[in-house]
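> Annotated ATP binding site per Swiss-Prot: GLN179, GLY201, ARG202, GLY203, LYS204, SER205, THR206, LEU207, ALA208, GLY209, MET210, ARG323, in sequence order, evidence recorded as sequence analysis. Under the heading domain 'N-acetyltransferase', Swiss-Prot lists 359-543, citing sequence analysis as support. The acetyl-CoA binding site annotation in Swiss-Prot covers VAL471, ALA472, VAL473, GLU511, ARG518 and rests on sequence analysis.
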Amino acid sequence: MTNPIVASQPQMAQQGIRRLLILSGQADWSRQQAIMLRQHLAGDWLWLSEQPPEGVNSISPTAARTLLGQENLHGVFDATDGLNIEALAIVAGTLRAGSWLLLLVPEWDDWPQRPDKDSLRWSEQPAPIVTANFIRHLQRQFLADPDVVLWQQDRPLILPAVGSRPCWQQPDGSPTAQQQHILQRLMQADSGIWVLTAARGRGKSTLAGMLVTHWQGACWVTGPGKAATQVLNQQAGERARFWAPDALLDYCQRHDVSDIDWLLIDEAAAIPTPLLSALLAYFPRALLTTTVQGYEGTGRGFLLKFCATLGDWHHLTLTDPIRWATDDPLERVMDNAMLFHDELLGNHPLPKRPPVAQIEIPLYEQRDWRDNPELLRRFYGLLSTAHYRTTPLDLRRLMDAPGMHFSAARVADAVIGALWLVDEGGLSEALALDVWAGRRRPRGNLVAQSLAAHSGQWQAPTLLSRRISRVAVTAAWRQQGIARRMIAAEQAHARQQQCDFLSVSFGYTAELAHFWHRCGFRLVRIGSHKEASSGCYTAMALLPLSPAGEALCQAAQQQLKRDWYWLQQWIGIPTPVFLRLPEPPEVTLTDDDWRELAGFAFAFRPLEASLPALQRLLLHTELPLSALRHYLQLRTPQSEIINTLGLIGRKALVALWRQEAAEGMAMIDVDKMIMSAKPSARCSTVRLPGRKNLTICQC
C-alpha cells in the first residue's frame, strides 16, 4: 500500500512540489499508516499532535508558531480530535520541496458531525462543538483538487499521477531575478518608505537581509518579535541590530539616530500603526515587509489603511515562490481551503454604480455559507481586505461558532459591504454579580462583561445584546452611508429578536468615535490601557433597543461623564466632542461610588475600574493611605512604591491598596461601608483607627 507514495517522492522533489495525503479512518489506523510511511521515506517527519507516538519528532499544535523560520522534509498533522487550522498552515509552510504532508482525520462521512476539540479556543463554548460547515468546506476543496490523495480505511489507495512539469531549479542563495530588480531599486534610494508585500515563501525577509549585507551604511531591524525576523537576521548576519518596536521608539526619543541609514520593519502590519508612524519619522529610509495573506492575517488592510496615510511611499511585491515550484499542489489546496487566494480577497470587478438606495442589504446566517460557497468567499474576502487581524480562526468562527449574524451590501453578485455581529448576554444575576466583583470571567460576552467588570454596570451581562465584531465596505463605495444602512438593518432585526442593545468595541480615535456616533451609538466606556493591536485605548459604545437597554446606556454614559475628569488625567486624550461633562467635576461620594469602592476593597475589582471612585475617596479622608496617594495622586511608579514601602512584589501592593481603601471608607462612614460591602465581600479584616478591627466575611 505504501509503495506508490514512496515511489512518487523522487519525482516530487525533482519537480519542486509538495502534496497533501489525507488518512481518514479510526485514529489508530491513521497513525499506523503514518508510522509505516515514516519508516519507508527518509526525512525530518515533524509530527504535530497532542498525543504523538513514542519516538517521533513532535510538537503540540498550540506551539506551532515556534516553527516559523524552520524547514522540514515531510510532516504529519493529527486532526483526529480537532483541527487547529493556523497550525496546519504553519507546518505546511515549513515543508521543503519534495515533501508529503499527512493529514490524519476521522472517518470521512463521520468527520463533519464529530465535535472538534479545537473549537474550545474560538467558539466561546464550555464544551467542543460540531463544526460541520467548515469541515464540509474542507472536504469540498480536498475532493476538487486532483493532486490531493485521500486514503480511507478499508478502501484501496488510489494515487493520482503527478502531471508533467519542468525540472525545478533549487535556489543557490543568490538573488532571484525579482529580488535582484527590487534590490537595485533599494540600493539607489536616497530617501522614502518602501513597502514590500508577498505571500509566504517568496523571499521578502531574505531580500531585506540582502539589503543589509549590500548596504555600506548602518541598518536597524525591528518586528513584532525576534522570532519573526529570524530569516532576515540569518541573511544579514551580525550587520543589523534588532530592536523591539517600543524599545526602539524609546531610544529614538532620547538619542540622535541620524547616522542610521535604513530601518527595516519585518511583518510591519502586525505592529500598531501609531507606533509605526512614530518610528518612521526618525529614519531617512524604511523598508516595511508584510505578508499579503496567511495564518497571521492579511496585509491588504494594512496597505489600504496605513500606507494611504504616508506621503512618499513605494509599493514592491514578490510573486515567484523560492522554496517550492510555481503552482505547488500543497500551497494551492491550503490557499483554497483557507480562502487565501488574492483574487478572492474582495478584488472582483464591480458592476456599474447604481443609486445607493438600490443597493440590497440582505441578512445572512451560517447556513448561507454552506449553500453558497461563492458568497462566503466574497464576504470573507472583503473582511480580509479591511482587517489585518482577519485570520483562519475568524473563518472558523464565521462558519460554525454559535450566535453569529451577518448582513451584506450587494450590487448584483458583488459584495461591497460586510457586517458581522455576535450574540452576547443572557447571564444569570448571580453570575453577572460575580463578573462585576472580579471573581468570574466566563467565555465570550466581550462588551457585556467589560461593562460589568470595568464600568460598574453589573446588570449588563444579564441583558440580551449583539456586538458588532467586524464591519467593512470596499474602498470604492465608502462615504456613501452603506455601513450605516447595514447597521440599521441589523438594528431592526435585533429589535425583532427581543435584543436590548447593540454594542461595539473599537480602538478609540476621534474619527472612529464620530463614525459610531453617526450610526446612533453612544460612547459608554474608554479604557485606561492601550490595545496592543491598534495602539489605541479601548472604547465601547451602545445603541439601545429596549427600555432596559436605554436604562443601561444612560447609566453607563452618565458614569463615564462623571469619571472622565479623573480618567482623562490618566490617559491624556482630548474629551470627545459629544460627551457633555459636568462643571465643575464631581467629587461627592455617591451610592455608586460606595458600591465601587466596596468592590475594590472587599472583592476583586481592578484598580483601573475603581480609579475615579478611589480618587474621590482620597479627597474625603485625611488618613495617610500612602500607597494609594503615591500611585493615584503623585503618579509614583509601582516599582518605586514597592521598594519604598518594603513590599514583596505587586501582589502585596494590590493587597495594601485594597486595605487602605477599606480603611478610608471606614473612617468616613463605617456603617455605610459594611452595607456596601455585604453583596460582594471576600473575607477581610479592616483596621479601624481607635477601634477594634472589623472582620467582613460572607463565608
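Placed from the backbone N, Cα and C atoms, the Cβ positions cover glycine too.
Note that the structure is predicted; figures quoted are calculated from it, not measured.
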> Using the structure shown, find which entry in ALA208, MET210, VAL471, VAL473 (the binding-site residues) has the sparsest Cβ neighbourhood within 10 Å.
VAL473
> DSSP three-state call for ARG202 (ATP binding site): helix, strand or coil?
coil
> Between ARG202, LYS204, which of the binding-site residues has the fewest other CB atoms within 10 angstroms in the structure shown?
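ARG202, out of the binding-site residues ARG202, LYS204, has the fewest neighbouring Cβ atoms within 10 Å.
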> Nearest by CA distance to GLN179 (ATP binding site): which of the binding-site residues is it, out of VAL471, VAL473, ARG518?
VAL473
> Distance check, please: Cα of VAL471 (acetyl-CoA binding site) against Cα of ALA208 (ATP binding site), rounded to an integer number of angstrom.
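About 34 Å separates the two Cα atoms.
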> Taking only the Cα atoms, work out how far ARG202 (ATP binding site) lies from ALA472 (acetyl-CoA binding site), in Å, as a whole number.
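Distance (Cα to Cα, whole Å): 29 Å.
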> Between ALA472 (acetyl-CoA binding site) and THR206 (ATP binding site), find the distance joining the two CA atoms and give it rounded to the nearest Å.
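Pair distance, Cα basis, whole Å: 33 Å.
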> Is ALA472 (acetyl-CoA binding site) helix, strand or coil when read with DSSP?
strand
> If you pair up every Cα among GLN179, GLY201, ARG202, GLY203, LYS204, SER205, THR206, LEU207, ALA208, GLY209, MET210, ARG323, the residues annotated as binding ATP, what's the maximum separation in angstrom, rounded to an integer?
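Between the most distant Cα atoms of the ATP site, 17 Å.
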> What mean pLDDT score does the domain 'N-acetyltransferase' (359-543) have in the model?
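Here the predicted model's pLDDT, averaged over the domain 'N-acetyltransferase' (359-543), is 93.
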> If I take the Cα of VAL473 (acetyl-CoA binding site) as reference, which of the binding-site residues LYS204, THR206, ALA208 has the closest Cα?
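Looking at Cα distances from VAL473 (acetyl-CoA binding site), the smallest one goes to LYS204.
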> Most Cβ neighbours within 10 Å: which of the binding-site residues THR206, GLU511, ARG518 is it?
THR206
> Can you give me the Cα-Cα distance between ALA208 (ATP binding site) and GLU511 (acetyl-CoA binding site) in Å, rounded to a whole number?
35
> Please work out which residue of GLN179, ALA472 has the most C-beta neighbours within 10 angstroms of its C-beta, and give that one of the binding-site residues.
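Sorting the candidates by Cβ neighbours within 10 Å, the top entry is ALA472.
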> Rounded to an integer, what is the Cα-Cα distance in Å between MET210 (ATP binding site) and GLU511 (acetyl-CoA binding site)?
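Their Cα atoms are separated by 40 Å.
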> What's the CA-CA gap between GLU511 (acetyl-CoA binding site) and THR206 (ATP binding site) in angstrom, rounded?
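Between the alpha carbons of GLU511 (acetyl-CoA binding site) and THR206 (ATP binding site) there are 38 Å.
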> Taking only the Cα atoms, work out how far THR206 (ATP binding site) lies from ARG518 (acetyl-CoA binding site), in Å, as a whole number.
46
